[in-house]
Amino acid sequence: MKFFALFIYRPVATILLSVAITLCGILGFRMLPVAPLPQVDFPVIMVSASLPGASPETMASSVATPLERSLGRIAGVSEMTSSSSLGSTRIILQFDFDRDINGAARDVQAAINAAQSLLPSGMPSRPTYRKANPSDAPIMILTLTSDTYSQGELYDFASTQLAPTISQIDGVGDVDVGGSSLPAVRVGLNPQALFNQGVSLDDVRTAISNANVRKPQGALEDGTHRWQIQTNDELKTAAEYQPLIIHYNNGGAVRLGDVATVTDSVQDVRNAGMTNAKPAILLMIRKLPEANIIQTVDSIRAKLPELQETIPAAIDLQIAQDRSPTIRASLEEVEQTLIISVALVILVVFLFLRSGRATIIPAVAVPVSLIGTFAAMYLCGFSLNNLSLMALTIATGFVVDDAIVVLENIARHLEAGMKPLQAALQGTREVGFTVLSMSLSLVAVFLPLLLMGGLPGRLLREFAVTLSVAIGISLLVSLTLTPMMCGWMLKASKPREQKRLRGFGRMLVALQQGYGKSLKWVLNHTRLVGMVLLGTIALNIWLYISIPKTFFPEQDTGVLMGGIQADQSISFQAMRGKLQDFMKIIRDDPAVDNVTGFTGGSRVNSGMMFITLKPRDERSETAQQIIDRLRVKLAKEPGANLFLMAVQDIRVGGRQSNASYQYTLLSDDLAALREWEPKIRKKLATLPELADVNSDQQDNGAEMNLVYDRDTMARLGIDVQAANSLLNNAFGQRQISTIYQPMNQYKVVMEVDPRYTQDISALEKMFVINNEGKAIPLSYFAKWQPANAPLSVNHQGLSAASTISFNLPTGKSLSDASAAIDRAMTQLGVPSTVRGSFAGTAQVFQETMNSQVILIIAAIATVYIVLGILYESYVHPLTILSTLPSAGVGALLALELFNAPFSLIALIGIMLLIGIVKKNAIMMVDFALEAQRHGNLTPQEAIFQACLLRFRPIMMTTLAALFGALPLVLSGGDGSELRQPLGITIVGGLVMSQLLTLYTTPVVYLFFDRLRLRFSRKSKQTVTE
């Protein structure tokens, strides 16, 4: 009583306290960062190593395996995968959430150093690492195009000037430059001309290498001066290499231009990049795992004018893709939803109280509670994201509940003629414990979420803490500011009603009278109600088992990624044509705004595309509907497949794949894996629950297998090293010399001119100079035949691995796909030597599925414990918790009705319902107990009176919560995929629980009271005996 009086009779102090809370919240809001979701990125580090010319199998055994053994010893590594292709190996290390990325990077460098002695000696450089996840979609893509500069020159500007500067910006983890390679002098040899002149490829290589050197020449010095010696020992351009003498034949000089075409070109001609059908260089920027995407993008944009000034005016630098606009639009939508929710909640209060003066009180209490929460969010290191703003939207209905309960009870005393200050004190005292019970039990619901580990726990923590803080501030405001305002603002009489509102008042009275009559009938037919309650419990279990489930709602971020997978024997020229064809099909779609793509590198048969869709208000279809439409058109393109997926704000794992979900096959027997992977992939491709099934197993590439006749080689005076050097010189784009420039280093690349390597007969034109100086054709000592060879070798841990990726067809959920895959694996009878498991997001979904029921049970148990402590009773908490089955049924039925799978967002809705619907029961039980103790009423009379007296606040709080969540259901635009499942769950649960709990709660109350009396009689009889 004294606590309440302290604030009621000291209005200035109470007002200033509320102002202080509001000011702190405003300051916190201004400093809060903006993000699409809470920080849930796993720390990921990518290790790269190269050995030019080495086969994928050689890279896997000699480079990947030693590194994996050393890196696998690092503490906190949750997953390690590797992919080895022609000349390169990439190892992805995913760490536990609590692992510091900088500390992990130091351990990675130490592990690389420890493995250095086990790596091949021919590696051009030590393995390197980057603190970025290559499977993440870029946060921004910049393109460079020009009508005057070549692709190589553009690549040089991008990699030498732009990429290093962008990499230094806070939050940037990696800048990947694609679409071409660095400039180089290319020497394309004519094998027939070489044969005619008696010049070997090694002769050419040695001559070029000896003619382009950069060595110190020293200095001249006398008594007074010093002269640095400088020579023209370096050749810079193709024109300078052209006249180079490489051999003398019969006294005549054989120049390089006589046997080769020398051009200023690029290091690797098997690279191509495009933007909207125009050749381009792409800068794909990825953020650090812990970085804020909006802040990073803003920093890059602020740097762009300065970057533009560092490159020539003839180069066009454009932003081809930016992830931030849809994120900003989504957050704006949530903010608008929050404002609408606040307005609707206040409207509900006004309709019930029918007094503008009384409505001002919750209209003040709600903003104070919500704004004050921003200060706590800032102190906790949170951000303004979809989940935290959704928490505040839902909190609108909660925070007004406390004010409503206090306000309604005070208003009831005023209507009875009590003086305002006395009514404020008496009314607050009566419901103070009720409000405390409602708030503490609601916060208790989220305790299991706060203790939940892994990605789901990290994802939901901000939501739970934000909502809990809002409820805590609301509790303080409802017991201080609200009664003070009631005592000083409200009058001791019934408020005058406007004529337009009298109809609503009469309707409410009629509804209350009808409820009273129906409640009397229910209390006389308790068995029927008990059966209905048991039926709802059984229905809950059946609905939960049968409802489709997924991890996280599929988002429409306005960005698509596409992976091209062509025949494994395709040439680069043909692959570049496929890229152009696919880009044209997509670019012609009316919903597409921009398309960029690239192909080449170590995997010639693959490519990537990044597609920006038009804003949501400029297209009528969702990203998934656009993908479905494009899939039909793309399927008509022969020789290659383009797999599209919508970019998501959450992606788990470091595997780069062509689809959203992964299923990984592991085996210590590589032959068994290669035998069973095609069988499993073909089986999964037939399942209707899966779409876009593809695999990263590339073991069917075309190979020309040469077999040396060693005896013949020995007789002809040729060794294997000379023969291998011949092949590398001719076909390996061999880098034979370095050109040093002030800003960078460039290579001289030698190979047989592509004009002479169009078919297998090119091998017949190759020859080796033996130890007697004679030209020996390759065909004299080698035979060749076509064969198959892997384009890549993949590991997970230290086991051979193959990952099958898939998307979900429209109307199918991840639970459907998971069950279908498990059935297919059982039907195929896969041997124990081949193990299958879900990876990435699908793996987290499996783990979350196993913990969902436990989490719900833990929340219910926590609420029971809190209520038991508050009521000092084992029975009354059960009465209050009896409201939950009806809410669960309503929520699950609503999800089914809207064809929405049960996701992590829907789980949040279920947890919220546990806190919301029990409020009705708390108000009934509190007043019934009070009536029994002080009114000398029977239990049935007490609960009947409590139900009628609390009918208006129950309707007000329920409708406030319902209208607070309704904008989430009805909202469209960016980010609505996240908001709608939460709103659907809450609205569905509230509607069903309101219909049933008004009747089931009093019945359960009477049931447990009779049970209590029965046990007390037995106890008395036992004592008497």
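Glycine is treated like the rest: Cβ placed from N, Cα and C.
Copied from Swiss-Prot, the annotated features are:
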TOPO_DOM  1-6  topological domain 'Cytoplasmic'
TRANSMEM  7-29  transmembrane segment
TOPO_DOM  30-335  topological domain 'Periplasmic'
TRANSMEM  336-353  transmembrane segment
TOPO_DOM  354-359  topological domain 'Cytoplasmic'
TRANSMEM  360-379  transmembrane segment
TOPO_DOM  380-388  topological domain 'Periplasmic'
TRANSMEM  389-411  transmembrane segment
TOPO_DOM  412-430  topological domain 'Cytoplasmic'
TRANSMEM  431-453  transmembrane segment
TOPO_DOM  454-467  topological domain 'Periplasmic'
TRANSMEM  468-490  transmembrane segment
TOPO_DOM  491-852  topological domain 'Cytoplasmic'
TRANSMEM  853-875  transmembrane segment
TOPO_DOM  876-894  topological domain 'Periplasmic'
TRANSMEM  895-917  transmembrane segment
TOPO_DOM  918-947  topological domain 'Cytoplasmic'
TRANSMEM  948-970  transmembrane segment
TOPO_DOM  971-984  topological domain 'Periplasmic'
TRANSMEM  985-1007  transmembrane segment
TOPO_DOM  1008-1025  topological domain 'Cytoplasmic'
### Task
Six or more residues out from either end of the transmembrane segment (948-970), which same-chain residues have a Cβ under 8 Å from its Cβ atoms?
337, 340-341, 344-345, 347-349, 352, 390, 393-394, 396-398, 400-401, 404-405, 408-409, 508, 511-512, 515-516, 519, 916, 919-920, 923-924, 927, 979-980, 982-984, 986-987, 990-991, 994, 998
### Query
Going along the chain, which residues at least six beyond the ends of the transmembrane segment (985-1007) come within the CB cut-off of under 8 Å?
394, 515, 518-519, 522-523, 526, 529-530, 532-533, 536, 878-880, 882-883, 886-895, 897, 905-906, 908-910, 912-913, 916-917, 920-921, 924-925, 928, 939-940, 943-944, 946-947, 951, 954, 958, 961-962, 965-966, 968-969
### Task
Look at every Cβ pair spanning the transmembrane segment (7-29) and the transmembrane segment (468-490), keep those 6 or more apart in sequence, and say whether at least 3 of them are under 8 Å.
yes
### Within the predicted model, mean pLDDT of the topological domain 'Periplasmic' (876-894)
91
### Message
Could you check whether the transmembrane segment (853-875) packs against the transmembrane segment (431-453) - three or more CB pairs closer than 8 Å, residues at least 6 apart in sequence?
### Response
yes
### Summary
Comparing 336-353, 360-379, 431-453, 468-490 for Cβ pairs under 8 Å with the transmembrane segment (895-917), the winner is 431-453
### Segment proximity, the transmembrane segment (431-453) to the transmembrane segment (360-379), 3 or more C-beta pairs under 8 Å
no
### Query
Do you know the DSSP helix, strand and coil residue counts for the topological domain 'Periplasmic' (454-467)?
14 helix, 0 strand, 0 coil
### Task
On the DSSP side of things, how many residues of the topological domain 'Periplasmic' (380-388) fall into helix, strand and coil, could you say?
3 helix, 1 strand, 5 coil
### For the topological domain 'Periplasmic' (876-894), distant same-chain residues with Cβ under 8 A (at least six beyond the ends)
441, 533, 536-537, 539-540, 543-544, 547, 860, 863-864, 867-868, 902, 906, 909-910, 913-914, 916-918, 920-922, 925, 929, 984-993, 995-997, 1000-1001, 1004-1005, 1008
#### Entry: Structural state census, the topological domain 'Cytoplasmic' (412-430) (DSSP three-state)
15 helix, 0 strand, 4 coil
### Secondary structure content of the topological domain 'Periplasmic' (971-984), with strand meaning DSSP E or B
9 helix, 0 strand, 5 coil
### Query
Looking only at the topological domain 'Cytoplasmic' (354-359), what are its DSSP counts of helix, strand and coil residues?
4 helix, 0 strand, 2 coil
### Same-chain residue ranges lying at least 6 outside the topological domain 'Cytoplasmic' (918-947) that approach it to Cβ under 8 Å
401, 405, 430-431, 433-434, 437-438, 441-442, 515-516, 519-520, 523, 863, 871, 876, 879-884, 953-954, 957-958, 993-994, 997-998, 1001-1002, 1005-1006, 1009
